[in-house]
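According to TrEMBL, the features are:
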- 163-298: domain 'SLC41A/MgtE integral membrane' (DOMAIN)
- 376-499: domain 'SLC41A/MgtE integral membrane' (DOMAIN)
- 121-143: transmembrane segment (TRANSMEM)
- 205-229: transmembrane segment (TRANSMEM)
- 241-267: transmembrane segment (TRANSMEM)
- 288-308: transmembrane segment (TRANSMEM)
- 314-332: transmembrane segment (TRANSMEM)
- 344-362: transmembrane segment (TRANSMEM)
- 374-391: transmembrane segment (TRANSMEM)
- 411-433: transmembrane segment (TRANSMEM)
- 445-472: transmembrane segment (TRANSMEM)
- 484-504: transmembrane segment (TRANSMEM)
Amino acid sequence: MTQPSPPPGAQADTDGTIDLSLAGAKDALPLAKDALSPPRSSNAIELSVVTMGSASLSSLSPTLGSAVLEEAADDEAQMMSLPASSEGRSSFATSSSRSSAVCMSPFTTRSRTPRQIMRELTIEVLPALLVSVAGSVLAGYILGQIQDSPAFKQVPALFIMATVLLNLKSNIELNMSARLSTLANLGVFDDKEEGIRAMRSNMELLLLQSTIVGASVGLISSVLSLLPGKRATGDGFWEEAAVLMASGIGCSVVGGAVIGSLVILTVSASHACGVDPDNIGTPIAASFGDMSTLLILGGLASVLVHAVDTPWPLLTAVGFGIFGVFLLRIVRENHQMAHHFGRGWLPLVYAAVTSSAAGVIVEKCASRFPGMPALVPVINGIGGNIGTVFASRVSTSLHRNRGSHDSEHRLVMVVLLVINIPVQVAFLAMRRFVDPALTVSPGFLLAYTAATVVHGLAVLVLGRAACTYLWARGYDPDDYVNPFVTGTGDMLGTFLLAVVFIVAGGSDV
């Protein structure tokens with residue numbers, strides 16, 4: 001029989017047996033552990049197998065056997081260090097993190113130097129932020145165009161709908177992007193069937209949430225249209241209410257399908273190309289989400305307003321409502337996504353309230369500082385995007401049980417904060433180039449830069465603190481953190497921008 005070759009550091013006796021000496025045990029430890037460690041399908045099974053293997057090794061070398069057992073026990077302790085209450089976390093994520101460690105994406109498993117991390121963030125995040133700025137500017141332009149359309153003039157409550165719908169719909173799309181990015185980083189997309197199942201389940205959840213958001217916004221807009229000064233209760237109220245309900249649900253569902261498909265394509269393509277989807281998923285969803293929502297709302301409302309005296313608006317609303325009931329049944333029967341449906345609604349309400357407060361600040365300051373409204377989507381958009389990018393990365397790290405890498409998180413915070421500054425300043429320079437009549441004083445530039453630093457630092461700290469706090473209490477940060485970050489960021493950014501204009505003495509840009 002062929003004798004096995006000795007591992008590194010071991011000496012073969014003349015009788016053919018292998019003498020695992022103390023000196024060779026240290027060198028042989030990694031090889032022995034790799035040979036004994038089975039796939040991580042279960043922590044208990046892994047520990048028991050390694051334990052039995054170490055017992056066999058103990059008969060050859062007590063030092064080597066005890067070393068393998070000790071290291072296996074350390075690995076088990078790390079795997080079991082997750083908080084006890086984790087029913088709110090994704091079934092995809094928890095199963096993947098325990099059973100598919102070997103399938104994780106290369107950029108999530110390799111050890112990276114600070115220089116590599118900085119290069120990755122600069123190459124991947126910076127273009128996404130520039131796209132998000134362009135998306136925010138275009139969304140503002142589109143809103144300015146559709147507000148003069150006959151539909152918005154005939155049904156003024158569409159203005160209320162547009163503001164609230166943009167915020168709520170954007171946040172549920174950001175949550176979907178964060179969930180899929182986490183699953184991609186955990187290796188779920190490496191299995192084609194598991195990846196398709198995850199995409200389909202998240203799309204179904206997004207469409208259900210979109211239906212509920214659209215119906216809620218339509219109802220709120222209809223009620224607010226009855227306030228004094230908006231309209232008088234009487235002729236035409238129910239017809240306009242049907243238009244608002246149909247426009248809200250239709251825009252939310254159709255827009256959700258479009259952006260959901262874009263998110264799936266972005267996450268899948270970035271994962272296949274070795275790009276971290278956490279870095280680009282949320283900015284892309286945010287930038288294109290606002291534009292698509294406004295375009296769909298303007299087009300759908302125009303069609304429905306022309307048919308206001310027909311049953312079509314009501315039939316459209318009822319049809320989307322039936323579709324929502326169908327989606328509710330599908331999601332509730334999906335054990336991997338059902339728990340996500342009832343979670344994360346409070347942060348959405350918080351984001352809507354804080355963003356509305358930010359809108360009040362803009363309305364009060366716009367007459368005194370005409371240049372302020374143009375800068376609000378920039379400071380809030382860029383700051384919110386770096387906050388959601390960072391929160392998505394922290395959430396992925398927690399799902400992979402790597403939440404203790406404080407040094408890497410601090411480095412990412414610094415890099416994102418540094419990236420934020422030139423993008424903000426570049427937008428001011430672009431505005432000055434497009435319209436030479438505008439002036440940017442040195443005092444305004446200094447105050448604006450300071451405000452962007454404070455705003456960016458605040459959303460980054462909030463994102464990390466919220467992820468850590470929620471994870472420690474058994475909640476999935478992907479379902480909760482983004483609305484808190486964007487809502488707080490909108491209110492803080494608008495307030496800081498108002499302070500900048502006051503400090504700069506009313507300088508306009």
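Placed from the backbone N, Cα and C atoms, the Cβ positions cover glycine too.
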- Distant-in-sequence neighbours of the transmembrane segment (344-362), which means Cβ under 8 A and at least six residues beyond its ends: 163-164, 167-168, 171-172, 175, 213, 372-373, 376, 380, 479-484, 486-488, 490-491, 493-495, 498
- CB contact flag for the transmembrane segment (374-391) and the transmembrane segment (411-433), at least three pairs under 8 A: yes
- Query: Can you find at least 3 Cβ pairs under 8 Å between the transmembrane segment (288-308) and the transmembrane segment (121-143), where each pair is 6 or more residues apart in sequence?
  - Reply: yes
- Message: Could you check whether the transmembrane segment (205-229) packs against the transmembrane segment (314-332) - three or more CB pairs closer than 8 Å, residues at least 6 apart in sequence?
- Response: yes
- Query: Based on Cβ pairs under 8 Å, which of the stretches 121-143, 314-332, 445-472, 484-504 lies most in contact with the transmembrane segment (411-433)?
  - Reply: 445-472
- Run through the domain 'SLC41A/MgtE integral membrane' (163-298) and tell me, per DSSP, how many residues are helix, strand and coil. 117 helix, 0 strand, 19 coil
- Chain residues in Cβ proximity to the transmembrane segment (121-143) (below 8 Å; excluding those fewer than six residues from its ends, i.e. six or more beyond): 162, 166, 275-276, 279-280, 283-284, 286-288, 290-291, 294-295, 298, 373-374, 377-378, 381-382, 385-386, 389, 412, 415-416, 419-420, 423, 427
- Message: DSSP on the domain 'SLC41A/MgtE integral membrane' (376-499): how many residues come out helix, how many strand, how many coil?
- Response: 106 helix, 0 strand, 18 coil
